[in-house]
Amino acid sequence: MQRRGAGLGWPRQQQQQPPPLAVGPRAAAMVPSGGVPQGLGGRSACALLLLCYLNVVPSLGRQTSLTTSVIPKAEQSVAYKDFIYFTVFEGNVRNVSEVSVEYLCSQPCVVNLEAVVSSEFRSSIPVYKKRWKNEKHLHTSRTQIVHVKFPSIMVYRDDYFIRHSISVSAVIVRAWITHKYSGRDWNVKWEENLLHAVAKNYTLLQTIPPFERPFKDHQVCLEWNMGYIWNLRANRIPQCPLENDVVALLGFPYASSGENTGIVKKFPRFRNRELEATRRQRMDYPVFTVSLWLYLLHYCKANLCGILYFVDSNEMYGTPSVFLTEEGYLHIQMHLVKGEDLAVKTKFIIPLKEWFRLDISFNGGQIVVTTSIGQDLKSYHNQTISFREDFHYNDTAGYFIIGGSRYVAGIEGFFGPLKYYRLRSLHPAQIFNPLLEKQLAEQIKLYYERCAEVQEIVSVYASAAKHGGERQEACHLHNSYLDLQRRYGRPSMCRAFPWEKELKDKHPSLFQALLEMDLLTVPRNQNESVSEIGGKIFEKAVKRLSSIDGLHQISSIVPFLTDSSCCGYHKASYYLAVFYETGLNVPRDQLQGMLYSLVGGQGSERLSSMNLGYKHYQGIDNYPLDWELSYAYYSNIATKTPLDQHTLQGDQAYVETIRLKDDEILKVQTKEDGDVFMWLKHEATRGNAAAQQRLAQMLFWGQQGVAKNPEAAIEWYAKGALETEDPALIYDYAIVLFKGQGVKKNRRLALELMKKAASKGLHQAVNGLGWYYHKFKKNYAKAAKYWLKAEEMGNPDASYNLGVLHLDGIFPGVPGRNQTLAGEYFHKAAQGGHMEGTLWCSLYYITGNLETFPRDPEKAVVWAKHVAEKNGYLGHVIRKGLNAYLEGSWHEALLYYVLAAETGIEVSQTNLAHICEERPDLARRYLGVNCVWRYYNFSVFQIDAPSFAYLKMGDLYYYGHQNQSQDLELSVQMYAQAALDGDSQGFFNLALLIEEGTIIPHHILDFLEIDSTLHSNNISILQELYERCWSHSNEESFSPCSLAWLYLHLRLLWGAILHSALIYFLGTFLLSILIAWTVQYFQSVSASDPPPRPSQASPDTATSTASPAVTPAADASDQDQPTVTNNPEPRG
């Protein structure tokens, strides 16, 4: 192998343009102010450029570094052949590298030496240049030492002055000789000079990673604060997180109902620069793979149904977009570089009611579509499609949608695991995407197989009932006796079925329900008959549940609910899901609970969808935490809620926040025959406008325990509008006339009434006028005028309507659509409680396509959940539970509050926990969960959790509850949250914990805005807590907080007294005086008493007291003292 020689070449300079990320200010910013050519920057090598250099350059570099001549010098001088080679004394890049250049010129020449480097996004950047002439020493080998100086950012680590040292991939030192006889100018360009080289050579220097380099001695003294800050981070080595191109878009089954809602996912840019550079380079040559599991129930009922598609920042379909057609084919659409769209349809149809995996690989213009059936991935179909067009692909400039959206409906079925390989085109054998939740997936398949049998049985029964009913009507058309029999007699039933005993034994509850069903009530439309029969089975089951001992019958009712669910009546599916998830008088079974929740969600059952949305929002009951998946379920119900509210039919009621612990609110609940309702009716009849309005609202929306009765409500609206001249009643009646809700439309009268109400200053009526001109007259200028006026008056509907004008691009004087301004109006409307405005805001938060609404999936879920929980069907369940509670029907109250609480609405969760506290025997007997703990715990994780729920959980953590152990730390957190919400009991409980010796952590004090530096001991903290407790107490008289505060200060005062030096001195002084006085007193008493005399016996002692003789004075004084001391009576 030749190790040294003249004329060796090097790889041709790369002409590939650098990735666009390095072009511009960012690349220039990494160049130091002096000594470095412009354009050198970055930290890691460009992958493609580095591969080219390492394959070619290093091998030649190793051959020429530190080389010796193979040809003797004498022979070289005789040959007079130009050559050049050099020796680098240090193989690493240093600040000053010494290079020995040996060369020979046969003619006058110029010797050129250059150092070029390659960084992350740049190649062949010169950092050192030197040239010199040789005109005299010809035909002689000469040596010159050159000190090559490299920029500091290539040699040293980051420090206070070198802020961005660069990572260099290759450093090449090259030299060449050119002759001067051609007459070229000395100042000719280096690149042009290089082309005329007669001898050239190069070597490759070894680079040092940035964090292995030494620090540079700048010989500058930093200020102490700057030096201290720098020393804190001087030795920190940043680490890039492990990142790859695989994205798991979905890991848990998603029940797609075939409606205009779906899962929204957004890809971020890669944090790894090399991956990001690769992604950018492939924008016009997409290389990626999609792998997803599907279980289809039906093919698309429209032209196209969404499976997985990309929506760009302009709200247009991008690459890729995969849809399902009516016939069962796949429709795959791509966006071209030239701006057009291109689509292709597969040659095969995908299977129904089978779990299968769909793999789609893109590799430039080639698409490979593969379907595999079952968990063993049995091959089903494979198709390769090739195109000559260039596809445009930018997976970060928009968002992906799984299922439906406002642009297209989704499929009817279930999505399984979905993986996306962003930078790789893989063969199906290379894809790792197993069917997760295998048991659940198998249960879904078994459910629909069983339900196919049930639906066939019901369909045949409905057909037989239809023909039997027709024969009876034809034979007995005018028989009055039979009419009476049909009306008052026992219903006619079908006694014989064309099924075998084996099938009857397999579905006993179904055949029992069909045998007991009235033939004449079966619908004639066979397509609707299965669902309606399921509804009748459900109604009979619910009637049994509503009895006195309804919960006791659940186990026998479950089979009937199962049959009802199979018939497509998915209220039964939700009941079953709740029964299994809570263990409501059935063995608790999480798998079955998930199954029926998903089945109900797929059937678009409102409570089931809310249940799924809540479980994924909180990540509870073995459901994974997934806000995008939660949003898909909540948004489905939220979009239906405004429509449901304007639907007069259906079991709906207004969702009211009524707490069972609030006796005052419970007292005003009424019914049509209740005292409150009768009093309102009496006042309304007398012409009281407020009573008429309230009565109409209660009847129209079904509020305060009154059943929904739109017809009666409209009568009161009309009476109030025409008699009392109340603007609110006039407006309400005008809206009813405009929409024809329960009354014949009368646009003319409605407009007159609307103008009349607006003239009275009602902002709703001003907004109504704008709505009239927008909807009926298409006069957008007048509509905007009224809406702007109503918005100034504080009407949220007007804000929403103005947003619609900007969104549609029809706002007068403003050309084109303005989504940013529309979003601002929608946000203002949402803050005023407008449902549609809230929905638009949640959509903006989940997509992140507007700068004013940065992507925030959690906030999107919260806003969609807020609207969904106003749904009237949920309100109906809550109202039934409340009515049962007021009537003392504990079984029914527990049932309906469990059903409502599992949807995630806070008021029902706290009410259910309250019922379980009132009737713990009922909860223990029928529920398979710790009712009090579960639902108070759920409630404290709500956005608008009440303070008493925090107090309850604090007590449960403090005392421990059933199987839950005591946890003082969590108890402190719960009390602190209650205190932060302004509840005085929270402050009081925290103070009691401190009295017991519990230490409140500093972060809790900071949370309560108690400065730990000002309150450094427990006494000062207690004072602050009791003072806040007193200030937040709403009791006018003495409260426990005020008494506790007073007691604390008395203790402090007494403690201060006992520990005072003055008190000790005074006490000692007084005690000394008392002792001295006592001693002096006893001394004086003892001095006044005479010495005792010996007693003399007298024979007549017994009679001496009765003697009339007067005793001498001395004797009298001697006898007087013992008489006084022994006499218990006062002297006379």
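Using N, Cα and C of the backbone, Cβ positions are placed for all residues, glycine too.
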Checklist line | Annotated residue, N-linked glycosylation site, per Swiss-Prot; candidates Asn394, Asn937 | finding: Asn937
Margin query: Tell me which residue from Asn382, Asn1018 Swiss-Prot records as N-linked glycosylation site.
Written below: Asn382
Checklist line | Listed as N-linked glycosylation site by Swiss-Prot, one of Asn527, Asn818 | finding: Asn527
Checklist line | The annotated region 'Disordered' range in Swiss-Prot, which must be one of 1-24, 121-144 | finding: 1-24
Next item on the list: Measuring CA to CA, name the entry from the recorded positions Asn201, Ser608, Asn937 that ends up nearest Asn382 (N-linked glycosylation site).
Entry: Ser608
Note to self: Tell me which of the recorded positions Asn201, Asn382, Ser608 sits in the most Cβ-dense spot, judged by other Cβ atoms within 10 Å.
What the structure shows: Ser608
Check: Residues sitting near the repeat 'Sel1-like 8' (952-988): Cβ under 8 Å, six or more positions beyond its termini, same chain?
Finding: 913, 930, 932-933, 936-937, 940, 946, 998, 1000-1001, 1004, 1007-1008, 1025-1026, 1028-1030, 1032-1034, 1039-1041, 1044
Next item on the list: Tally every other Cβ atom lying within 10 Å of the Cβ atom of Asn937 (N-linked glycosylation site).
Entry: 20
Next item on the list: Count the residues of the repeat 'Sel1-like 7' (840-877) that DSSP assigns to helix (H, G, I), to strand (E, B) and to coil, and report the three numbers in that order.
Entry: 26 helix, 2 strand, 10 coil
Notebook entry, point to check: How many whole Å apart are the CA atoms of Asn201 (N-linked glycosylation site) and Asn937 (N-linked glycosylation site)?
Noted result: 77
Notebook entry, point to check: Can you tell me the three-state DSSP label for Asn201 (N-linked glycosylation site)?
Noted result: strand
Next item on the list: In three-state terms from DSSP, label Ser608 (phosphoserine) for me.
Entry: helix
Check: Can you tell me how far the Cα of Ser608 (phosphoserine) sits from the Cα of Asn937 (N-linked glycosylation site), in Å?
Finding: 21
Margin query: DSSP on the repeat 'Sel1-like 4' (732-767): how many residues come out helix, how many strand, how many coil?
Written below: 26 helix, 0 strand, 10 coil
Item checked: Where Asn937 (N-linked glycosylation site) falls in three-state DSSP terms -> helix
Next item on the list: Run the contact check on the repeat 'Sel1-like 7' (840-877) against the repeat 'Sel1-like 2' (611-647): 3 or more C-beta pairs under 8 Å, excluding pairs closer than 6 in sequence.
Entry: yes
